[in-house]
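This report concerns only the one structure given below.
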């Protein structure tokens, strides 16, 4: 029964995330929002909504290890697992000043967790600071000059009622999926003697990252490396600043020692490795993708302890 709950929760998150993004983008187009703003806010927040709802639900129900493990595990999986798989499908080649900016923000955001994890708690004030940092990043990204103009692609807007229906269905599916996923994950952890942190870092984290996984793999198949990498980097920024920040504002989050000793260092190392591969080598080839997947396998082995 617990595995059915887990599977139903994952399915709800996947369908809900897709519906939420579809409805939100249609509404944004109806309101004539710029494409860049749609990508940074509507789609970015939309694909990270599963992580947000799962982390908030877990924190409110007294399982903070799943709340934090979900975010940290998602960020590790985004780089080692999703970038690795994406590079195996099609070698990643990206350049540009925007990439440097966003990679820098991703690493700085991850470093901000060091003192918080050292203190053993993410208080409400820190949550406010993280969310404020996200708002500042979005404003910077939107107001920064672009080197080349964005193509003007005429897309006829959908009826508002239809967009709202997708939006509301997606939100409902995400809320239900998050609840079922946390229920199933906690019960499985207890039944098998696994720690809630390990379940959060693996099953829950990968489950809530399904929208990012689908987006990056499809982008790779279409030879759109910029979209594949931008999706991952943007998601990692949202996860730390937006998800942990918003969760801490709702309820302060206690942090277990293992996150400071193992999981956060792995997240920082993975972030630094991605920056080196993209900025120094200008991409990730198939051999690099295979190495990232091996590194993820090694991390999963270590995380069991």
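Every residue gets a Cβ built from N, Cα and C, even glycine.
Worth saying up front: this structure is predicted, and the values here are computed from it rather than measured.
Marked as domain 'Sodium/calcium exchanger membrane region' by TrEMBL: 3-142 (among others).
Annotated transmembrane segment per TrEMBL: 66-90 (among others), in sequence order.
Annotated transmembrane segment per TrEMBL: 102-119 (among others), in sequence order. Counting residues 6+ beyond its ends, the transmembrane segment (102-119) has Cβ neighbours under 8 Å at 75, 126, 130, 133, 137, 141, 230, 233-234, 236-237, 240-241, 244, 255, 259-260, 264, 267-268, 271-272, 274-275, 278-279 in the same chain.
Annotation comment: TrEMBL describes 125-143 (among others) as transmembrane segment.
Among the features that TrEMBL reports, transmembrane segment is placed at 163-182 (among others). Same-chain residues lying 6+ beyond the ends of the transmembrane segment (163-182) with a Cβ under 8 Å from its Cβ atoms: 5-6, 8-24, 26-27, 30, 46, 49-50, 53-54, 57-58, 61, 63, 66, 204, 207-208.
Annotation source TrEMBL lists domain 'Sodium/calcium exchanger membrane region' at 163-302 (among others).
Counting only same-chain residues 6+ beyond the ends of the transmembrane segment (197-221), those with a CB under 8 A from a CB of the stretch are 6, 9-10, 13-14, 17-18, 21, 46-47, 50-51, 54, 58, 63, 65-74, 76-78, 81-83, 85-87, 89-90, 92, 181-182, 185-186, 188-189, 227-229, 231-232, 235, 256, 258-259, 263, 300, 303-304. The transmembrane segment feature in TrEMBL is assigned to 197-221 (among others).
As annotated by TrEMBL, transmembrane segment applies to 233-253 (among others). Same-chain residues lying 6 or more positions outside the transmembrane segment (233-253) and placing a CB less than 8 Å from one of its CB atoms are 40, 44-45, 47-48, 51-52, 55-56, 59-60, 64, 67-68, 71, 74-75, 78-79, 99, 102-103, 105-106, 109-110, 112-113, 121-124, 126-131, 133-134, 137, 209, 212, 271, 274.
Residues or ranges marked as transmembrane segment in TrEMBL: 259-280 (among others).
For 287-304 (among others), the entry in TrEMBL reads transmembrane segment. Below 8 angstroms of C-beta separation, residues 76-77, 79-81, 83-88, 91, 198, 201-202, 262-263, 266, 270, 273, 277, 281 of the same chain, each at least six residues beyond the ends of the transmembrane segment (287-304), sit close to that stretch.
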- Message: Looking only at the domain 'Sodium/calcium exchanger membrane region' (163-302), how are its residues distributed among DSSP helix, strand and coil?
- Response: 121 helix, 4 strand, 15 coil
- Query: For the domain 'Sodium/calcium exchanger membrane region' (3-142), what does DSSP give as the number of helix, strand and coil residues?
  - Reply: 121 helix, 4 strand, 15 coil
